[in-house]
Amino acid sequence: MTRFAVAGAKGRMGQAVIRVLTERGFDIAATFDKGDDIDLTNADAVIDFTTPNATLAIAEACAAAGGKVHVIGSTGFMPEQETALNAYQDRNIIIRSGNFSLGVNILMGLVKQAAAKLDALDWDIEVTEAHHKRKVDAPSGTALMLGHAAADGRGVSLHNAKVAARDGLTGQREPGTIGFSVIRGGGIVGEHSVLFAAEDELITLSHSARDRTLFARGAVEAALYGVKQSPGLYDMQDVLGFN
Ligand SMILES: NC(=O)C1=CN([C@@H]2O[C@H](COP(=O)(O)OP(=O)(O)OC[C@H]3O[C@@H](n4cnc5c(N)ncnc54)[C@H](OP(=O)(O)O)[C@@H]3O)[C@@H](O)[C@H]2O)C=CC1
Ligand SMILES: O=C(O)C1=N[C@H](C(=O)O)C[C@H](O)C1
C-alpha cells in the first residue's frame, strides 16, 4: 500500500489531505511543517501544498531520498523557481497542478476549444478569479492555467498576451490580449471564470469550488497515479487521462 507524507500538514490543504487519507485508510508515514525535518525515508509519495520555496526544499529531499512521487499543489512560483523545480524531473516523479479538481481540468479543455474557435480580433478573453482573504499569490495558479489554455487555443504564448493589472489611464484594450482580474475576500474557496466578449454577445465558462476536500481527493489520486510512473513531469490532465 502506498505510504504518504504530508507537507504543510497544519495548513488548510494539509489538513484536508490528512482527512482524506485517514478516511481512505492510507498509511501516513510522515507529516511536517515549517521548521521540521523533511524525513521521507518511509514514504513513497509526498503531497505538498505549501509555498514555492518549501516545495523546492521538498523536491531536493525527494531526490536525496532516492526519488519519490512529489505531488505539488503549491502556487505562486516565479519563473526561476519553475526552472529550478523542473530540474528535478530526472529524479522525482513530479505531478504538479494549480488545481486538482476534476471540474477545472475539464474547464481547461472547454476554454482551449472556445479560444481556438473564436477569432482573437472579435472576441476578447478575460479571466476572473476570487479567493479567500488569506491567499498570498495572484493571479491564482488556476487562473494562470486557464489563461494558458486560452492562449494555447489561440496558438499564442500567454507570456506575450497576459495583462494582469489595470489602473489609471490604461488606454484602450489591446486586441488579442488575455486579461486577469483578482478578487480577495472572506472565506471564498475558489471561483474562476473565463469571459469571451464580442460586441454583441458574451460567453462565460466558469467553475466554483465549494470545499477544499475536492482538491485533496484529486491530489491523493495523483499520488496513486504517480507511484506507477517513471521519473518525469506530469499534471492532472495526465492523471485524468486527458492528454
Ligand atoms: N493545486 C490546488 O488544487 C490547490 C493549491 N493550493 C495552493 O496550496 C498552497 C497552500 O495553500 P493553503 O493550504 O491554503 O495554505 P496554508 O497557509 O494554510 O498552508 C501552508 C502550510 O505550509 C506550511 N509551510 C510553510 N513553509 C513550509 C516549509 N518550509 N516546509 C513545510 N511546510 C511549510 C505552512 O506553515 P506556516 O503556517 O507555519 O508557515 C502552512 O502550514 C498555496 O500555494 C495554494 O495556492 C490550495 C488549494 C488547492
Ligand atoms: O489558495 C487557494 O486557496 C487555492 N489555490 C489554488 C490556485 O491558486 O488556483 C487552487 C484553488 O483555487 C484554491
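Backbone N, Cα and C atoms are what each Cβ position is placed from, and that goes for glycine too.
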Among ASP33, ASP36, ASP37, ASP122, indicate the single residue that TrEMBL lists for the NAD(+) site containing GLY8, ALA9, LYS10, GLY11, ARG12, MET13, GLY73, SER74, THR75, SER97, GLY98, ASN99, PHE100.
ASP33
Maximum Cα-Cα separation (Å), residues GLY8, ALA9, LYS10, GLY11, ARG12, MET13, ASP33, GLY73, SER74, THR75, SER97, GLY98, ASN99, PHE100 listed as binding NAD(+):
21
Taking ligand 1 as the reference and 6 angstroms as the Cβ limit (strictly under), which recorded positions among GLY8, LYS10, ASN99, HIS131, HIS132, THR142 are close?
GLY8, LYS10, ASN99
Cβ under 6 Å from ligand 2: which of the binding-site residues ARG12, LYS34, SER97, THR142 qualify?
THR142
Expressed to the nearest Å, what is the distance separating GLY8 (NAD(+) binding site) and LYS34 (NADP(+) binding site) at their Cα atoms?
7
How many other Cβ atoms are found within 10 Å of the Cβ atom of LYS10 (NAD(+) binding site), counting all protein chains shown?
13
